[in-house]
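Feature annotations, courtesy of TrEMBL:
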type	residues	note
DOMAIN	38-138	domain 'DUF2427'
DOMAIN	166-410	domain 'Protein YTP1-like C-terminal'
REGION	419-447	region 'Disordered'
SIGNAL	1-31	signal peptide
TRANSMEM	55-75	transmembrane segment
TRANSMEM	82-100	transmembrane segment
TRANSMEM	120-139	transmembrane segment
TRANSMEM	151-170	transmembrane segment
TRANSMEM	190-213	transmembrane segment
TRANSMEM	225-242	transmembrane segment
TRANSMEM	254-274	transmembrane segment
TRANSMEM	286-303	transmembrane segment
TRANSMEM	315-334	transmembrane segment
TRANSMEM	354-371	transmembrane segment
TRANSMEM	386-407	transmembrane segment
Amino acid sequence: MPARWHGALSRTKGLGGLGILLLLAAGRIEAHEHHDDKIPEGAATSPDPLDSIMWTHILLQIFAWGILFPTGMVLGIVRSRWHVPVQSLGTVLSVVGYFLGHAHKGRQFASNVHATFAPVLMLMLLTQVALGIYLKLHLEKGMNGKIRRPVVICHGIIGKALPVGAWVQFLFGGITAMGFCRGDHLGQCLAHFIMGSAFIGYGIVLTLLLLVGQFWLRRTGRSQEFFDSLIIAAWGCVNTFTEHRWGGPWVHNDLQHTAMGIIWWCAGLVGIWLSRKRDGRPKRNVIPGVVILLTGYAMSSHPQNLPLSTMVHTVFGYTLMGAGLARIIEISFVLQDKNTVDDKDGEATNSFQYLPPFLLYASGFLFMGATEEQMQLLSDAGVTHVAYILILYSTAFLLFLFVNMLLHLYAVHAWPTTPTKPRPDPESPHVNGAALANGHARIPNAADRRIRDAEEFELEGLMSDDEDVGKDVHR
């Protein structure tokens with residue numbers, strides 16, 4: 001066995017053993033049956049409180065999937081040496097939390113989507129670990145050389161899909177813990193959580209484009225509003241035909257939801273058309289902002305059954321209207337139809353530009369927190385709308401902070417402001433005879449470097465093909 005394999009094997013055998021352990025335990029976990037003898041007939045949970053084991057499960061999974069894995073993903077994108085340790089720690093904690101989720105006492109749960117989706121998410125994690133181990137072995141001969149690139153791509157796709165899957169599982173976990181979203185409540189639950197997640201996702205995309213995506217956007221030859229309008233139009237087509245159960249009577253807010261779907265695809269088509277000048281160059285427009293503003297107005301006027309629900313929906317609508325208005329002001333007056341405050345410096349950011357994304361985060365949390373069952377529970381507990389809204393805004397601030405921290409982590413590694421002194425590393429590739437820090441050559445032209453990094457904004461595994469070729473040349 002080549003000497004270089006020994007080091008790789010020693011670094012990966014721990015995760016390999018962990019993967020085998022997870023496989024061996026999978027059968028026993030699947031065979032485990034949750035006790036449901038204390039669940040009242042027609043209920044989704046027993047009246048018992050969550051025990052300490054379940055709380056430990058919740059905290060471990062939030063820390064692993066909500067903090068460690070997203071951080072490790074960014075470290076993988078910048079090819080930091082801390083990528084493997086962070087992901088390894090997250091894997092260990094998630095597996096421990098997975099077992100704890102099947103060993104709890106206290107509150108009992110009926111068959112639920114959280115338990116059903118957990119094995120799927122763990123299978124994704126196990127696949128990611130296996131691909132990472134394979135890449136770390138640096139097998140390049142014969143068939144391994146041909147399949148390495150697809151493995152790298154697959155590793156990157158799964159790596160970025162895991163945070164999305166974790167978000168979905170977090171929502172499933174909260175719903176299951178409270179016994180919500182069953183029977184007649186399922187439809188409005190889906191609407192609130194899907195739409196709320198969409199607002200948060202849109203806010204995250206705006207944050208990405210604001211802080212690290214302008215060079216990539218410039219390379220596409222399209223304005224940001226082209227992509228925004230395209231998604232709005234597609235989403236509007238879906239809503240137009242899914243918000244009402246065709247063949248049945250028009251009830252509750254069916255007509256209002258369908259009308260919103262119609263205006264989305266109509267306005268989206270206008271936004272797509274206005275996103276290019278006559279010569280084909282990209283052009284900014286305010287149509288997406290107008291759509292967000294009108295959607296907020298419609299949402300603020302939704303009739304509700306409870307005073308608490310009415311107030312929460314009203315504030316949600318005002319927040320969404322604020323996001324749309326802020327977006328219009330940003331494009332028209334702050335940027336004056338330019339991509340950035342200073343087109344020569346893609347990093348230039350005005351403080352006002354942080355407002356539209358944040359308000360979308362807040363809108364998403366407000367809408368997800370306004371389901372019928374949540375409103376009834378809080379109303380019965382005597383919680384005021386002011387306290388509840390402030391808590392939801394606080395949650396939005398925390399997520400906004402975390403996203404900005406991750407993007408800062410990416411930017412300081414991908415686009416350092418000052419040259420760093422190369423660190424001696426026997427495994428680093430060499431350019432013109434010089435070993436460079438973190439296994440990457442620094443490109444002299446900073447703008448070219450940023451464009452290249454923006455194009456390659458994907459997790460390409462623990463080591464790129466170019467790095468492997470460099471090792472073969474200088475071995």
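Backbone N, Cα and C atoms are what each Cβ position is placed from, and that goes for glycine too.
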Candidate ranges 82-100, 120-139, 254-274, 286-303, 354-371 - greatest C-beta contact count to the transmembrane segment (190-213) (under 8 angstroms): 354-371
The domain 'DUF2427' (38-138): DSSP-derived helix, strand, coil residue counts: 68 helix, 2 strand, 31 coil
The domain 'Protein YTP1-like C-terminal' (166-410) [mean pLDDT, rounded to integer]: 92
Long-range environment of the transmembrane segment (386-407) - Cβ separation under 8 angstroms, sequence gap at least 6: 67, 70-71, 74, 200, 203-204, 207-208, 211-212, 308, 311-312, 315, 357-358, 361-362, 364-366, 369, 378
Listed stretch, out of 55-75, 120-139, 286-303, 315-334, that has the most CB pairs under 8 angstroms to the transmembrane segment (354-371): 315-334
Cβ contacts under 8 Å made by the transmembrane segment (286-303) with residues that lie 6+ beyond its boundaries: 225, 228-229, 232, 253, 256, 259-260, 263-264, 267-268, 270-271, 274, 313-314, 316-328, 331-332, 356, 360, 363, 367
